Every structure is written in structure tokens, then in C-alpha cells.
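Asker: Sharing the features that TrEMBL gives for it:
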- Glu413: active site, proton donor/acceptor (ACT_SITE)
- Cys447: active site, acyl-thioester intermediate (ACT_SITE)
- His578: active site, proton donor/acceptor (ACT_SITE)
- Asn485, Ser539, Lys583, Lys587: CoA binding site (BINDING)
- 331-504: domain 'Hydroxymethylglutaryl-coenzyme A synthase N-terminal' (DOMAIN)
Amino acid sequence: MLELQQVAIITGKDNREGSQELVLVLACRNQDRAKIAGEKLLRKYNNKNLLIETITLDTSDSSSVLNAAKVIETRYKHVNYLFCNAGIMSISGLDWKGIVNGILKHPLEFVGGTEALVQNVGLQTKEGLGLVFATNFFGHYLLIKKISGVMGKAPGARRIIWVSSNASELEFDKNDIQHVRGKKPYESSKFITDQISVVLDKQILKEKKIRSFVVEPGNVATNILSGIASQLFIGFVYSAFLLVRLVFGIFRLTVTPWNGSYGAFYAATENEQKLDGSLKYNTCCTRLGSLFVDPQPIKTNKKLASYLVDELDQLVAYTTGNSEMTISLARPENIGIKAIEVYFPKKYVDQVELEKHDGVSAGKYTIGLGQEKMSFCDDREDIASMALTVVKQFMQKYNVDYKNIGRLEVGTETMIDKSKATKTFLMSLFEESGNHSIEGIDTTNACYGGTSAFFNACQWIDSRAWDGRLALVVSGDIAVYASGNARPSGGVGIACILVGPDAPLALEFPLRGTFMEHVYDFYKPDLSSEFPTVDGPLSIVSYIKALDYAYLGYLKKLELAGESESASLSDLDYIVFHSPYTKQVAKGFGRLLFNDFLRDKNNQKFALIKDQFENETLESSYHNKNLEKAFIQLSKEAYSLKTTPSLLAAKNIGNMYTGSVFFGLASLISSIPSSQLLNKRIALFSYGSGCAASLYSFKVTGDLSDIAKNLDLINRLNDRICVSPPDFENIMSLRQKTHNAVSYSPTGPIEELYPGTFYLESVDSMWRRKYNIA
């Protein structure tokens, strides 16, 4: 056991320390780097009284911390200094909006801050702890708990020196102390550091005469940006820091790691009577490079600090095996849709031209069905290629880290394999990130599968099984029909939805009405064909009946929740429907008003039709065309305000089966300004033949303008290729002939795909599909 005069342990890597008869212990995750750093120090100081050793320590791994503590207790009789220096800031990119805002509004404060950086959200250790929280703070706290006995035996100085930084109470959430859900885990970890250091110094370690101090290195130009920026850019930042400090005298711009370590050196060597654990010792640098320390009071919250200590000690008990507690994340709030992306093919056929080509009366498709254009795809695209395209586009547009996805659900009825899930094709996108721990699978029931997948994702986040990461829901189909009356009601589209807490579109738990029954209205028993078997009249009645009972179930939940004493259509600001064709949506909206009529026949708004439909019931009304027309007319104004804005995609793309209702939501966001949607309730009705249906709602709790901007739906709809009806028919014939083909190479023109679109390159002799990117 070593008994030299002083032992100093530094977690992470540092490069400034010096004293006689000193054992300097570099406690690092990477032993090779630690040894290199140690050799550099020995060459620099060439002091025979300086001994440098290394210990393996990964502060993000509790078992590593505990092993390191055992080594320290065994190897050293005492420890004088512990420098808590290890830390990470996981950055995914630059926030250009924040950069512009910072430069324009507070340029001097902006320089060297973290406002410009986008941090990864939801990162966790293998134990389920927040990664940044564990690395920057908890690993050190656990180490202190384990070696405080050894430190308490030290002759002379007994000091813990925390390297803090941009601590922000604004970014701290008491209900999420590990900051798994928040956007600023680095700042949150430093806020906890400050609070706990004061408690350690003034209370917990006072009896052992161990002092705890917080230092801040200032703004140092390091390789923290190396993952997202070039060395040239980092060099520019370094030069900019020097220039700004020289011109404006911003003392916190210490620039170099050597300068930044001065505060830690000061806290380690200054007379203890001159040090105060309630102060943060900020390292500063004059214009010309002279170093000094600027002590500033740490704004403490005793009640919060006491709460934190209790929570942290529970985690310590768990990690040391002295408790059977489970690590639980803060209960998530406002679970729902955080972002949406959609994809539809570049080709479409005009419904007016299709009417002429098919020899039907003018308006049969455009007025009778309410359709204007219909998207379709050739043999180059299938459900897997479309899913790959929309997920890739989504992750790029919203700059989401693949490692932050913990669940991936696919809702589709378009099958290319009776066993292999479409979700498994999407896992190829996650290979580079190394993320293979992703729950979820395909969900199928006609057009309802996407809604069920969405519910699964939300309920996973709301459950004890949630690991703190986000979920993706992919929902869409290729809707094609045999040549004839049903073909104009087809379409193609797929949506990708990011599900998580603190969402601007918050799902309203438990406001949901669901209806299911066994009915043969639309089904696909012929597995050799893409085309469904359809009982058209029965399908219309089934849709309306499911809507009736789902709506009534929803209204009951609304009343039980105390949201309304007598719930009705007036409680819903906007209503998005599953749209097989938009005329059916108009009928559905009128049907909601008919349900209100049955619940409140004496309401003045029904005075003109009360006598005519006094004796109607739900069951008796399903084939009453006069009733249908009357309520469509009566609800026309409300329909125009509450539902028409959601039909942009449905009219111009067609039916997308599982994706239909989410395209309706995307259309609403694209058509109504975000400020007008704020605090509004948006109801969605999802229907899948067979049948399954739900009516549920969201509350708009945040800004949706970025989603609308990224969707860019109107411009994308206008950037398509109009295909003539004869060419459309030829492509449909090609799809029919090549459906489930083996040893096949598609012939569709790749140049007619959007750039970045995944396409089917070939199907080999074992039906294995190979994809490429246009």
C-alpha cells in the first residue's frame, strides 16, 4: 500500500498538476490514452518526487466505478484530492436558428455558449441511466460515496474539485433529474453538480473534513465539435475566441485547456481558509492572456438539493446491490407526435382525364368520389422501398440520431412476404449506428394497422417498459384495385411519425372510442394478387356504423373526464377522417351531427329537421339517403371549417389505407397556421375494414410550424409528373403481371423517381429483394 505524502486522482484527462511527493492517478476509460498523458507529464516535469499511475474508470458504468473504488481503497492509504473532470456533451449538429438568434440578440453572451449546439436526446447507459447524467455527475458521486473513507484518512488537504460549466436551472427538470427527455442534458448535469457540491461541502462530508469545490474552466476551444465539424472550422473557432477576447475583453474565453485548468489548480493549492464551498471558481483570462479566478455565488435551492440527495442515494443503493429498487425514468408527459414526414410517388393520374378515358359521366370521380388526382407507382417501388425512403428522409430532415430510437412499429396491409416483416427491411438503416435494440413489429388490419401501431408506441412510452428513447411509427400502403369502378379510389403514400414525450401534438389519454366487429366488407383472401375483394355497399355501412359507435364512445370518455357536461361536435375543433375517398368523409361528418341530433333532438339547431327524422335510430338510418343528404347539408359550414383543411392529400393523392389518417393530419398542419392550431383539439377517426375503428384526439401544446415547413406538402404535390390514363393502365397491368415475381428485374424508369428514393433493383431466385437509391 502506497504511503506517499499526497495522492491526487483525476477522472478523465488533465494536463496541469505539480507538487512534490505526489502520486498522480489518472482514472480514465481509455488506458492507452491515460498512459500517453502520463508519459507527457513525466517528460514535462522530470520530477523524481512525482509518480504517475493509471486506473481504469468509466464514470458512465457503475460497475467500472465500483471496481475503481476497490482498487483505490486497496492501493492507497489515503487520497487527498479527487478531480471530477470526466464529462461528455453528445452533439448531433449545429442549431443554425439558434446561432442566428444568438448573434442578433446577445452576441457577446452567445460566444462560447452552448446555444448553437444540438444535443442528442434520450441517450442511456446499459443500466438505463441517462448517459450524460451518469458520465458527468453520477459516476463521480458514486465514487465519492465509496472512497470518502479513504479521503477522510488523508493528512493535510482533503478536497473534491468538480469541473462544472454551463449550469442552467432553466434546463433542469425535477421530474427528470437524469434529463433523458430534455434537450440540454449537459447543462442539467452541471446544475446538479453545483447543487450537490455545496451539500457535500456544507453537510454530508463535513464530519470527515472533506471539502468540495466547484470550478469552471471558462470557454475552451476543444475537439468537442470534431464529430460534426472540420478541423478547419474548429481552428476558426479557436481564432475567433482569441480575437473576441482581445477586442471585447470577454474574460471567460480561456481558449486553451491549459488556461482552463487554472481554476482547478487554484482550488487545489489555495489556502483552505480562503476557499468557500458555496462559491464557483470561474477561470478567467485577460485580453493578453493573464489568468485569474473570479469566485461567484452558487445559487442554491436547499429543498431541491435535499430531494436530489434522496434520489441519488437510492440510485447508489441500487447500483451497489443494496436495494431491489428499479431504475425508473420520470413519468413522461404530453406523449404524442413530435414530428411527421410523408412520402408519395412522383407519378399521378388526373381524375378528370381518367373519367374521359374510362368513358364515364363527367364528375363521377371528381364529384361522386370527391377526388382530383391519384398517385401510383410502377414496379420500381414496393412497400419496403417506400418505408426505407420515408424513414431515411425523416431522419435526415429532423436530424434524429438512429441510436435514439427504441421502438419502431410498421402499420401496413401491403404485404410482400407472409413471414418477414416490413420492419426488418428498415433495420438496414440502423446498421451503421449499431442500434439493434429496437422493439416493435408490423401491425395489420386493413387501414387500421397504422393507428394500432401508433397506439402501441404511445403506450410503450407510457409504460414501465419504456427505456427513455423515442419511437417511430411507419404507416402507409399501395392501394390498387382491379380495373373497374373501384380503381379510381386507389392511391399510394406512407407516413413516418416520431412519437415521444413533450410532443406538440399530445395524445389525450384516455379520450378514445373504439368499435370492432366481424364483417366481410373489404378483404384480401387471394394472396397471389394485390387486389382486394370488396363489398362496396357493405363497406360504406360498416364505415358509418363504426364511426357512430366510436364517436359515442369518445363522447362518453370526454364527459367522464370532465371535459364536457354534454359532449358534442362543438367540443372538437378539427376532425380528421380516414378517407377512402373524400365524399365518404363528408358523409361521415354529417353522421356525427346526426349522432348529436339523437342525443339532443330539442336543440334549436335541429328545429328544421326534427319532425322529419324524429323516429330515426342508428340502425334504421343506415340506408336512408334523405337523412344522409340532410345532415351533409346541415353540417356543411362546420365541415368546411373543421375537416376540409385536412383533405389536401386525400384529394390529390387518393387512398393510402393505413397512412390515410396521418396524411390527413399532415394536410391540416400544412393548411392551418400553427398559431391558429395552438391549444386546439384535433380528433382523428381511423377505420379499417373487417372491421376495427377508433376515434381519438390530440391537444396542440406546441409550435407546429417546423413540421409544416419540413412537410412542404403543397410544393411537393405540385412537383409531380402527370401520367396519361393509357400509360397509367399500362403500368397497372405491369404491376399485376409482375406481382410476386421471382428472378425479376424491374423495368420502371429510375429517372422518374424523386432523388433519394429507394427503389427495387432486383428479385433473385429465392425472392430476396435488393434495393438501391435514386
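Including glycine, each Cβ sits where the backbone N, Cα and C put it.
Just so you know, TrEMBL annotations never went through curation; they're auto-generated.
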Asker: I need the nearest neighbour of Cys447 (active site, acyl-thioester intermediate) among the recorded positions Asn485, Ser539, His578, Lys583, using C-alpha distances.
Answerer: His578
Asker: Could you state the whole-number distance in Å separating the C-alpha atoms of His578 (active site, proton donor/acceptor) and Lys587 (CoA binding site)?
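Answerer: His578 (active site, proton donor/acceptor) and Lys587 (CoA binding site) have their Cα atoms 12 Å apart.
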Asker: Can you tell which of His578, Lys583, Lys587 has the most other C-beta atoms within 10 Å, given these are the recorded positions?
Answerer: His578
Asker: So among Asn485, Ser539, Lys583, Lys587, all listed as binding-site residues, which is physically nearest to Glu413 (active site, proton donor/acceptor)? Use the C-alpha atoms.
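Answerer: Checked the binding-site residues Asn485, Ser539, Lys583, Lys587; minimum Cα distance to Glu413 (active site, proton donor/acceptor) goes to Ser539.
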Asker: Enumerate same-chain residues with a sequence separation of six or more from Ser539 (CoA binding site) and a Cβ-Cβ distance below 8 A; give 'none' if the list is empty.
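Answerer: Result: Asp521, Phe522, Pro580, Ser689.
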Asker: Specify the count of other C-beta atoms within 10 Å of the C-beta of Asn485 (CoA binding site).
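Answerer: Other Cβ atoms within 10 Å of Asn485 (CoA binding site): 15.
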Asker: For the domain 'Hydroxymethylglutaryl-coenzyme A synthase N-terminal' (331-504), provide the mean pLDDT of the predicted model.
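Answerer: 95, rounded to a whole number.
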